[in-house]
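Trainee: Pasting a structure below so you can have a look.
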Amino acid sequence: MVDYRIDRHSGVATYVQIVQQTKQALRLGLLAPGDKLPTAREVVEATAVNPNTVLKAYRELEREGLVEARRGLGTFVRRSLGAAPADSPLRAELEQWAARAREAGLEREDVAALFTAVLETHYPAPAHPQMQTQAQRHRTRTHHPAPHTTSQGDPS
Amino acid sequence: MTAAPTTLAVPVPARRAPRQVRWLLRLHRPTVLVWTAFVLLTGAALLWLGGPLTDASAAAWKAYNACDYSPRCAYDQDAILRYKDVYTYTNVAVLVAPFLVAAWAGGALTGREMESGTARLAWTQGVSPARWLASRLTVPALLVAASTGLLALLHRTAWTAADGRVDTAKPWYDYATFYANGTLPVALALAGLAVGALAGLLLRRSLAALAVSVVALGGLWAAVHTALPHLWPSVTRTSDLGTGPAGTGIPTAEGVVTAGGDRVAAPCGSDTTYGCRAELADLDAVGYWRDFHPAAHHWPLHLVASGALLLLAAVLVLVSFRLLRHRTGPAARPAGGERTRTP
Amino acid sequence: MTVPAIEADALGKRFGRRAAWALRDCSFRLPAGRVCAVVGPNGAGKSTLLALAAGLLGPTEGTVTVLGTDPATARPEVGFVDQDKPLYPQLTVAETLRMGADLNPGHWDERTAARVVAGGDLDPNRRIRSLSGGQRTRVALALALGKRPALLLLDEPMADLDPLARHELMGVLMGQAAAHGTTIVMSSHVVAELEDTCDHLLLIGGGRVRLAGDTDDLLAAHTRVTAPARTPLDPHTVVESRTTGRQLTALVRPAGPLPGDWRTGAPSLEELVLSYLRNPGAPDQAPPPDTTETAA
């Protein structure tokens, strides 16, 4: 089960936070295929965010093929995100690289910027909402003008 | 209990009517208890007055009259005084009852709910404003009519028991006795209820509405009192100059009749004094006349005055509903909430 | 196509013939299922608007339609919590809830009402008059929610609550919206607390509607721009502009593509609202056409 925590001052859109935290739970094995995500009602009662925000996050996860909504039952995990377990060689390499960057005198922000830049080069399509800029984010949000109809049928 | 004075505006299928009466009584439980105690106490006092006290007083008067002013004669003076006192207290209690109703209706029934906003709470809890007001008028109206009617009836019974037996018993036309002895306490109480309810709605302040209601009811009573002689055709009695104006009851006008048949104001009370005789002679007076209401007019006067008060109460109730409807916005569809009843 | 929760047309209200208008020429349309924030300065007419929609006041001019009918007829489907949270002081908490059940026969949700009260650790036998402001708010909300309304009108619902209760009760409200599709309208002058909960905004100032629409649409329609001082901003509609030294910052409603050399950014909801509040003379956003509705 995931326990979403919304940070209102992070500057990250709320629904993105839900997407990120779900993925985090998938990566860490807190959620496994077949697990049921909390209902929109459960999430909003715990976080006090608008239900449509939760539904939008779930739709985003569904679009990425991570979860599927089963009518009248809820939203279930389809696959996990286990590509980079904590002890993989890739991680070790990255650890070494980070240590070298630190020795070279790079600040935390410098490293982050560098990493993001490389990420952009190798994973160009900004399909992942968390990679969008503020402005893009709002544009995207307007593409979902009426998520309200689905809220009626939310099983809870 | 709310005998459907309004019809539901929404044609909701088979939705039970809100159980308002229970909560109305719960909200005003202290008032209901105090009022019940008041009615029971006054009622008990009236029963005591009409029974043992009247008997004791009548017996004392009988003894007193048999004494024939003999100084050594014994009679129960306490019984006579006790009757008089209890009569005065109960009489006042019956007459004060309508004012208590008016004060409560203005202060607590609508005024306080408007002031604190609980009326709005009720209106958004499945009770339309019209239904809210209807329940706040019908239930108290029934209780008030029943209790003041009972008090007036007991008062009349007690008074009748003493009539002719107790020498100091008040005559029927004594105003305090007259007003307490018929339907007028009921009509005044219901008018007080209507006045209070409207004042509360209008002023939306508990204390102000209380004061205005009591003063307004006082004004109404004064108006009734002023109009009383003219509410029923009076009876004229003429008498000769030696006896003075005659005819006991509620007088409306009196004077002297001249030889020419004219009715003029009397300059003085009887021709037994020299000055008066001269004045009457100057006027060429041949007798006295008096317009008055005899005992037989007791009920016509009560009923006409009560009818007028009830009519006024009905108008006030209608105004209250209109006011509420105007304030809260009418339904687009004709809602049945306008039909009002005479309390 | 669903029936809008509230539709106002040239709605106006003044208290007395000579009084100033509390609300004037107010036209908007709130689609069903939204969580709508009514914001504006004190005395802007927020409470008047909510009372008009609740059928507690009659309009002086114009019309307001609630759930497809007039407010008086819609009343059984509408929950309302007044700013002062009026309750009968002589009743206990339990009695108040029993009264709610009796006054709303056939559609009383005892579980929800009890849950709202239980969250506050309230002794049900305490009298209302002995409760704190926040506890009264809780009971008032329980009454309004227990009615299971299709439309919930809340006038400054969170004002008396501590942050914990605020979060919890906001969660309960959102849960209602999620479970039953309840339309929620709440007024507030604290914009920050509404940012995450509301998806529709109604900004009222000086007795009129200045902004109305889904927050996403409103935010998308506005852009924060930074440009050299004295840059002409037309033909874009300027909500607010400020020049500091050689730099001009402004909030505009773009009428077309913006020049490439302007730095642009998306405003937050709070920034947007504050800009309008700071500039009473800024042009109002005309009530959006039916675009927000047709998709539903």
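Each Cβ is built from the backbone N, Cα and C atoms, and glycine gets one as well.
Those TrEMBL annotations? Automatic predictions, nothing curated.
These came from TrEMBL, pasted as-is:
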type     : residues  : note
TRANSMEM : B:32-51   : transmembrane segment
TRANSMEM : B:92-111  : transmembrane segment
TRANSMEM : B:137-158 : transmembrane segment
TRANSMEM : B:178-203 : transmembrane segment
TRANSMEM : B:210-232 : transmembrane segment
TRANSMEM : B:299-324 : transmembrane segment
Trainee: Which one, B:32-51, B:92-111, B:210-232, B:299-324, has the most C-beta pairs under 8 Å toward the transmembrane segment (B:178-203)?
Mentor: B:92-111
Trainee: For the transmembrane segment (B:32-51) and the transmembrane segment (B:137-158), decide whether they are in contact, meaning at least 3 CB pairs lie under 8 A, counting pairs 6 or more apart in sequence.
Mentor: yes
Trainee: Considering only Cβ pairs within less than 8 angstroms, which of the stretches B:137-158, B:210-232, B:299-324 has the most against the transmembrane segment (B:92-111)?
Mentor: B:210-232
